[in-house]
Amino acid sequence: MEEGDKYGKELDLAVRIVHLACSLCQKVQQRLVSSSDEQVLAKDDDSPVTIADWSVQATVSWLLSEFLEGQNVSIVAEEDVQTLSKSDAADLLAAVVNTVNECLAEAPKYGLQCPKDALGTSKILEAISRCNSTGGPTGRHWVLDPVDGTLGFVRGDQYAVALALIEEGKLVLGVLGCPNYPMKKELLNYNHRRHQTMPKSLPSSDIWEKGRVMYARRGSGQAWMQPLILGDTKFEWPNSARLIQVSPVDDPSLATFCEPVEKANSNHSFTAGLANSMGLKKKPMRVHSMVKYAAIARGDAEIFIKFARSGYKEKIWDHAAGVVIIEEAGGVVTDAGGRPLDFSRGLYLEGLDRGIIACSGLMLHDKIIGAVYASWDSSNL
């Protein structure tokens, strides 16, 4: 990254922050998956996934505000502070305070300054409540999804930490931390199947657990990937980074396509019909979270199709970081009408035409758009 690059300082900061947030999530997830089954399935109140959400949000908010001092830092994020502020949430709040301070103590390893003293409850609540922006077409807004892929997180499977920057309604940079991203693409949806079939042997940790952080800056024509920092190793920029590119596959019969695991907000039957009409031969790779975007940017898959069920509105933090990374890696992301996604209209992707299509290249993209128009009238959406 050249020093003169626009948004170079912001990208450098965002990458370091996401690395640190991934470390936080890994620790919380390890405690979660080693707990009893009941605790793994618990997702309300003081469940560890909630601790991770609020802890990442507080950490990212504090670091952005500290390092961009003098700027009016606007952050759009998923969690609000109300639940955490209630009198019956004292234990949960204490766990968040402890997790945040434990995380910030490691900040120097990533070239970030930690607070002189541990942050108290009021400072952490203030950092979380600062993430109350609604975005929009003017100004600069950071967009954060602290733990994208709740189900993946509680299963010990795929999830992501996503941070993007929007300026004057346009995406300008994105960083995706994928702590469980495997070295081998065949293992991308492995853990989801493992929870159902429980094979006798698991892949070795050097293949499975290293994780990746991927990032890109708008207009650079480049997307990058770094391994997560392990043990006492210090973060090195940019020595550990390597370029990533989308797959060159443009034959639908050879393409791998991703879709959400959850059926609640995605119409699997429509995408199955679409895949069949296009001649997609492979079974869909069902992956939690924005890791699907990472898979396309890295060349491990070619297509991500998502058609939400009626009434579901797509939120900007579920897509922003992934979109800029795919596009700078050489891919294409549009709605089903072929139009770019509009991140300038607040918390939601307003005006979205039916669904989202992310592809490794224009040829596959055009085929999908054509198949959507051919299939739409006979669908049940």
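A Cβ is built for glycine as well, from the same backbone N, Cα and C atoms used for every other residue.
Residues or ranges marked as Mg(2+) binding site in TrEMBL: E78, D145, D148, D318. Less than 8 angstroms from the CB of D148 (Mg(2+) binding site) sit Y159, A160, V161, A162, S289, M290, W317, D318, each of them six or more residues away in the same chain.
The Cβ centroid of E78, D145, D148, D318 marks the Mg(2+) site; residues of that chain outside this set whose Cβ lies within 8 Å of it are L144, P146, V147, A160, A162, S289, M290, K315, W317, given in sequence order. Comparing Cβ neighbour counts within 10 Å across the binding-site residues E78, D145, D318, the minimum falls on E78.
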